[in-house]
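Copied over from TrEMBL, here are the features:
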DOMAIN    15-124  domain 'CMP/dCMP-type deaminase'
BINDING   HIS66, CYS96, CYS99  Zn(2+) binding site
ACT_SITE  GLU68  active site, proton donor
Amino acid sequence: MEDNLVDNTQVDFEKDDYRYMKQAITQAKKAYKLNEVPIGCVIVYEGKVIGRGYNRRNTDKTSLGHAEITAIKKASRYMNDWRLENCTLYVTLEPCQMCAGAIVQARIPRVVIGSMNPKAGCAGSILNILQIPTFNHQCEITKGVCEEECSEMLTTFFKELRKSKKKNTTVTTDGE
Ligand SMILES: [Zn+2]
């Protein structure tokens, strides 16, 4: 009996992760519409989304325009605290060094990642800033939630970007 209860809890847990990652994907699609690299993030506290963000680096012309930074800012405003204890951060792509640093600074206990970023990720790929034992805070990491959808979004984006660049080049050549 007790074993069954434990199993059910585990299933619910995973279903929630999936549901919140879908919301992070919705954020990423907003970036996509702005021709930004599609990355989205939500922060959840007691079952409620308290911060959302998507990549706006080109639109806002700042390297600080990452999805996680925006979501952390909004969640901190909601909590009225720089500490985001008992929160879970969902992000479609493995965080970079800046965002991983901000996550540790905000004391976020759990991070759920869609797809990994072998070229720039700092949650295990290049570095694992989220789990350096000598820092005063380490995060629990869950990887691969909606992985296919998250990475496909990026693949499609870069494929279309290359296509439009090629088209532009062709136009230039024709004009000459
Ligand atoms: Zn980042």
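Positions of Cβ are set from backbone N, Cα and C atoms, glycine also.
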Tertiary neighbours of CYS99 (Zn(2+) binding site) (same chain, Cβ under 8 Å, six or more apart): HIS66, ALA67, GLU68, ILE69, VAL91, CYS122
Cβ-centroid neighbourhood (8 Å) of the Zn(2+) site, HIS66, CYS96, CYS99 excluded: ALA67, GLU68, ILE69, PRO95, GLN97, MET98, ALA100, ALA102
Under 8 Å by Cβ from CYS96 (Zn(2+) binding site), counting only residues of that chain that are 6 or more apart: HIS66, ASN117, ALA120, GLY121, CYS122
HIS66 (Zn(2+) binding site), number of other Cβ atoms within 10 Å: 25
